[in-house]
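The feature Zn(2+) 1 binding site is assigned by Swiss-Prot to C47, H70, C157, with similarity to another entry given as support. Here Swiss-Prot flags C101, C104, C107, C115 as Zn(2+) 2 binding site. The NAD(+) binding site annotation in Swiss-Prot covers G181, A182, G183, G184, G185, L186, G187, D205, K209, V271, G272, L273, R343.
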Amino acid sequence: MSSANIPATQSALIFEKYGGPLEVRQVSVPQPQENELLVKIEYSGICHSDLHTWEGDFEYASICPLIGGHEGAGTVVTIGSKVKGWNIGDRAGIKLINANCLNCEYCKTGHEPLCDHIQNYGIDRHGTFQEYLTIRDIDAIKVSNDTNLAAAAPVLCGGVTAYKSLKATNVKPGQIVVLTGAGGGLGSFGIQYAKAMGMRVVAVDHISKEDHCRNLGAEWFVDAFDTPDIVAHIRKLTNGGAHGVVSFAAAKKPMEYALEYVRKRGTVVFVGLPKDGTIPLDTLSLICNEITVKGSIVGSRMDVDEAIDFITRGIVHVPIELVKLEDVPSVYQRMKDGKVTSRVVVDFSMR
């Protein structure tokens, strides 16, 4: 079943080789299988992982040529013959991870991103930097009519990644969490989700992002580049160390520092992806202080629903910058320069 006026071709942003030119081209509109939806993409968030993919950091897992993007939101325009629970006109979200098996121990326990059978939009299959995309009905996320669709798009990866990583810290209301890279796209989500969850936030980033972080709700701000002995400073600021740390910064030093200023029995969660992520570990300190170290990547269907609900209810308000599909290369450069302080979203109605 299809709505009217679906074109044969569409605009898509493609690269032929890692680090190569990013070009908007005309490609065929995909046809959905019997258990798939065809979604007209209205918005697609631009994630730091898209930059990593284009640069070849995920070459071991990605395909090339590739249409990137994995934070899509739009409207269902075609449904396959065996699709259940969806109608034409429904609003749908497309998240990074799809095609998980639903039968392994990870899928059955709510840890779908760890399934060995997953595929990733914008990495090993064409993603959301195109006007139309197919997705299995069970992988699509329902987005209510009460939700701002442009705001929902970046939640499908960036927002849920920040939200789930904060849950992983086990920081309780009233306790302190430190967020490194707090002024970037993930950190901007992180500050607001942390506040909504009752945490007290120490934001760590370049001094130019202090006002931005404080406006989002950070109680304290620490200059990541010019603070003498940042470890001692944060330990003093937090009266003995943070209860939890989420390292959004895509650099090794913040990860190393986090292990030093987290308090005894605290939890450090690594999210940011530095190019060379190998760091030294003081195992004696980890053992004697009972420090927990975790990695965290995106979230389950339930995590996504919960993260979007904060947006729908107006509790989380992360600034969004709307751009054209042709602007993605310049956004990547700004990401590399550390000059992104909001979630940047492609608006497909902009030409």
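Each residue's number is its place along the chain shown, starting with 1.
The backbone N, Cα and C atoms fix where each Cβ goes, and this holds for glycine too.
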How far is it from G187 (NAD(+) binding site) to C101 (Zn(2+) 2 binding site), counting Cα to Cα, in Å?
-> 31
Given the binding-site residues C101, C115, which one's Cβ is surrounded by the fewest other Cβ atoms within 10 Å?
-> C101
Reported as an integer number of Å, what is the Cα distance between C47 (Zn(2+) 1 binding site) and K209 (NAD(+) binding site)?
-> 19
Cα separation, G272 (NAD(+) binding site) to H70 (Zn(2+) 1 binding site) (Å, whole number) | 17
So G183 (NAD(+) binding site), by the Cβ count within 10 Å over all chains shown, scores 29
Inside 10 Å of the Cβ of C104 (Zn(2+) 2 binding site), count up the other Cβ atoms and send me the figure.
-> 15
Return the member of C157, G181, G185, G272, R343 nearest to C107 (Zn(2+) 2 binding site) in space, with distance defined Cα to Cα and candidates limited to these binding-site residues.
-> C157
Just jot down the residues in the same chain as K209 (NAD(+) binding site), at least 6 apart in sequence, with C-beta under 8 A of its C-beta; none if empty.
-> A182, G183, A203, T341
Pop the Cα-Cα gap between C157 (Zn(2+) 1 binding site) and G272 (NAD(+) binding site) into the table, whole Å please.
-> 13
Apart from the site residues C47, H70, C157, the 8 Å Cβ neighbourhood of the Zn(2+) 1 centroid comprises G45, S49, D50, G69, E71, K95, L96, Y121, G122, P154, L156, G158, V298
